[in-house]
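As recorded in TrEMBL:
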- His129, His131, His206: Fe cation binding site (BINDING)
Amino acid sequence: MTSLAVMELNNNNSSSGCGAVENRSEDGEKHLRELTKTFTGIDKPLKNARKCETLTDLIGELRKTFDSDHVNIEYVNHLMLSYQSNPAEWRKFAKFDRYRYTRNLVDAGNGKYNLMILCWNEGHASAIHDHADSHCFMKMLKGQLMETRYAWPKDATVTEDNKADIGNGQTGGEDVEYNGDELEELSRSTLETNGVCYINDTLGLHRVENPSHTDVAVSLHLYCPPFDVCSIFNKQNGKRTKCKVTFWSKFGKRESSVSIAS
């Protein structure tokens, strides 16, 4: 099995990051986006399917799976469910920030997906956001996170504001009057260690929060296709604002210049 070190080298030698689209098959991306209209996630691993014993196994099997232009998204869900958290394997990627949660790239998937570790200090939370018409799998590696889901606002017009910050919930232009309805809350759930949840834009928007005041949380996320821009939403009036998303670190190394994270 290829080691994580070799995989990281391959990542650095190939197109990587949210904007790496050169090698992505248009048909494959179209197929993935079409699946967001019908796929709702699975709760248990598939019977008689391969299980990933290590993080290295998971990365290797994901790469094989995404070699196809018609990815079996249910199998991707299975792989995320089958891996059991081992801090010794992911600790090198877990980079925390005192003021906001962080997105730390683990594998760029040759431009077809992004696998990353998000680190949440006590009380850290995201803004309410969408997933740019992509699939989002979230697995708990340590601690717990609370997910709150919302319905889309009636007015989904997108505005742009360079102050929009998904890391602290600021939607930008907070002093500008916007007449809209409060977002409708659909559900709340708590994700425990090794649990997996799934969301796409058809299922709604969500906000993720570490509810603990004493313990940190670490989660493993897979986004396919990858994206570098999404939308964040004001809970009180539904205002939608475009927001760039970046990485706090890549392959265990701190990025020299980091802007907003989501």
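Residue numbers in this text run from 1 along the chain shown.
Every residue, even glycine, has its Cβ placed from backbone N, Cα and C.
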Whose Cβ lies within 8 Å of the mean position of the Cβ atoms of His129, His131, His206, the Fe cation site, other than those residues?
Ser126, Ile128, Asp130, Cys136, Ile199, Asp201, Leu205, Arg207, Cys230
Within 10 Å of its Cβ, which one of these binding-site residues (His129, His131, His206) has the largest number of other Cβ atoms?
His129
